[in-house]
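Per Swiss-Prot, the features are as follows:
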BINDING   Asn13, Gln46, Asn66, Gly76, Asn77, Asn166, Asn199, Glu217, Arg218, Gly227, Thr228  substrate binding site
ACT_SITE  Cys75  active site, proton donor
ACT_SITE  Cys226  active site, proton acceptor
Amino acid sequence: MKLKFTKMHGAGNDFVVLDGYTQPVNLTPAQVRALADRHFGVGADQLLLVEKPTVAGVDFRYRIFNCDGGEVEHCGNGARCFVKFVRERGLTDQRSVRVQVQKGTITLTMQENGEVLVDMGTPVFDPERVPFATKGLEGRREGADTLWPLDVSGTTRWISVVSMGNPHAVQVVGDVEAFPVLAEGPVIERHARFPQRVNAGFMQIVGRNEIRLRVYERGAGETLACGTGACAAVAAGIRRGLLDSPVRVHTHGGDLTISWDSTREGEPLLMAGPAVTVFEGEIELPD
């Protein structure tokens, strides 16, 4: 089958975006993997699918598939590319759209400066809802947050557990470039205490309003940037009393700005950052 696609990226986190709004797109996990393959396909961290919503009061449905073929709940950098895509394709002329994701809805706004502002929703810190198994563990309070000990290859790492619609484990490190992210990331991702696996975040505090971040993503490995990972890290840092909003997040792919008023109940995190169209094309996929 032949399939038209658009290649996009948000701070280096790259995507294959498909229009399933004006035409049916039903891909198998094997076809998703073929599209995302960097040697034999287009190459991407995730595949993004635009569809008609299945609930009332929203404009589009936003689905995300990791390069391993599995569908996931959320992708913040992809959300910025999503709104740029639907506007460029003429599917909407609105600057702000409401989008259905796997666990609720989010609002995406194209700003005058070309960056996209994403309402990322409210972070969840309840371990059961992340989910994270705490049986037999004793947490440690730091500020308004609870840190949990995690055995990583025989070393105890103290982590914050956060859900941004998808699960995150965030730890503070001294030097994010020197830290063994590629060694510890996959161990944390598949740790038995995370029944749905987890995105592993490694955060270096630069100042009260600035961090450096690397994320080993569930099902994708380390990516150049992770929007939900940036939000989870900032939320954890603010709760721990280490950061003040807004926070500039430096990733290998570029910078994101995260804002959050943690003093207001149910207040969402806001993420601002770039969305770039790289090229469009057509590919022959195996049936």
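Placement of Cβ uses the backbone N, Cα and C atoms for every residue, glycine included.
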*Expressed to the nearest Å, what is the distance separating Asn77 (substrate binding site) and the residue listed as 'active site, proton acceptor' at their Cα atoms?*
6
*Could you state the whole-number distance in Å separating the C-alpha atoms of Cys226 (active site, proton acceptor) and Asn13 (substrate binding site)?*
7
_Reduced DSSP assignment, Asn13 (substrate binding site)_ = strand
*Cα-Cα separation of Asn199 (substrate binding site) and Cys75 (active site, proton donor), in Å?*
11
*Out of Asn66, Asn77, which of the binding-site residues has the smallest number of neighbouring Cβ atoms within 10 Å?*
Asn66
*asked:* Using only C-alpha positions, which one of Asn66, Arg218, Thr228 is spatially nearest the residue listed as 'active site, proton donor'? These are the binding-site residues in the record.
replied: Thr228
